[in-house]
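Here's the structure we're looking at; comments come further down.
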Amino acid sequence: MTTTLIDRIGLLYTGDPEREELADAALVVEDGLVAWTGPAAQAPDADRRVDAGGRAVIPGFVDSHAHLVFAGDRTAEFQARMSGEPYTGGGIRTTVAATRGASDAELAARASGLVREMLAQGTTTVEIKSGYGLSVEDERRSLEIASGLTQETTFLGAHVVPAGTDADSYVRLVAGDMLRACAPHARWVDVFCERGAFDGDQTREILTAGLNTGLGARVHANQLTEGPGVRIACELGAASADHCTHLTDADVDALASSGTVATLLPGAEFSTRSPYPDARRLIDAGATVALATDCNPGSSYTSSMAFCVALAVREMRMTPLEAVRAATYGGARALRRTDVGWLKAGARADLVVLDAPSYVHLAYRPGVPLVHQVFRAGLLLEEDAQNPSSVVVL
Ligand SMILES: [Zn+2]
């Protein structure tokens, strides 16, 4: 049993609503868990001491929405869109063709590369969806690859209807054989509920089948237009309704009065040059808000939670505190996790030492690499990487 004291923390953002911020703080890690937080002057002894040198410390980011199992490249689509063409979601099929043609090893190498890229930027928990296979075997292997990288795996067979397939028979396949093949590798089931993807009835059918198999539900809802996605998510007790860009008053009320987290993905609006979701309206109504990257090759190819925090502050009128809370505590709520996303005694010691005196710098200094050190379960990333038995499981 070894203990580590992280001392001389200029500002500690704990994420614990009972004591969210602490100046001149220290934190003790024991066996990979947070054992103590408090004023540096009262810090107990420990086996080793890490001097934070007055820097800020935050919980590791919890990126609760990412699509990392894919092949191919959509630079040209982005370039075209930035030249004035609208985003319609049709480009997903381009990635599906490339993904189906890639080997397991190629898919795993790309996904683990992105997870390492995220880790280096302070993301210590990430959710990974399937959704670029869209056949029983390609969805199954996507989830098998994802489950080697994270426990937060999501079956998104209902991403789009694959080309040349009838929508009703595809929904039956997703809710039947595909779900049965994928469920052993998945914790969640998700549906892209949107005009051009899946309508309300189809969404309900697939989510209900997933829930009956023991998976939790999450929904891509109200991204491009108003629609039934958010209401279905709240009705079915989904952990999260993701995007939430086009909401009616009834949608906002439903989110505020249910346990469903509103997960906002400003990287998608940034990369598709679209209007941002109204975070203020959701927060002021009392909804729990999460921020995530939506990292995917089409509509948001960023792996940076810090970038999303900066966008949320500048473009969505979230305060820096609300944004960092949404990127840590909010993400954990969206995954129904209480062991990550905050630094209270008993939580996993996943934390980021920022090269800045305050988390505010994440938005104040956008685009600047501010990550000084990342600890995962109490181990510095570099120490973790030297452990040959360590696989990237977040
Ligand atoms: Zn998504």
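The first residue you see is number 1, and the count goes up from there.
Cβ coordinates come from backbone N, Cα and C, glycine included.
What TrEMBL says about a protein is an automatic prediction, not a curated fact.
What you see is a predicted model, and the numbers here were worked out from it, not measured in a lab.
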### Query
TrEMBL records ASN296, GLY298 as N-formimidoyl-L-glutamate-binding residues. Which of TYR132, TYR170 is assigned to the same site?
TYR132
### Query
Looking at TrEMBL, which one out of ASP7, ASP138, ASP284, ASP294 binds Fe(3+) in the same site as HIS65, HIS67, HIS220?
ASP294
### Query
Which ones, of the binding-site residues ARG74, TYR132, HIS159, GLN223, ASN296, have a Cα no more than 10 Å from the Cα of HIS67 (Zn(2+) binding site)?
TYR132, ASN296
### Query
Checking the binding-site residues ARG74, TYR132, GLN223, GLY298, SER299: which ones have Cβ within under 6 Å of ligand 1?
none
### Query
What kind of secondary structure is HIS220 (Zn(2+) binding site) part of, going by DSSP in three states?
strand
### Summary
HIS65 (Zn(2+) binding site) sits from SER299 (4-imidazolone-5-propanoate binding site) (Cα to Cα, rounded, in Å) at a distance of 13
### Query
Where GLY298 (N-formimidoyl-L-glutamate binding site) and TYR132 (4-imidazolone-5-propanoate binding site) are concerned, what is their Cα separation in Å, rounded?
11
### Summary
Checking the binding-site residues ARG74, HIS159, ASN296 against HIS220 (Zn(2+) binding site) with a 10 Å Cα-Cα cut-off, in sequence order, leaves HIS159
#### Entry: Residues that sit under 8 angstroms from HIS65 (Zn(2+) binding site) by C-beta distance, when 6+ apart in the chain
GLU127, LYS129, SER240, ASP242, THR263, LEU265, ALA292, THR293, ASP294, ALA334
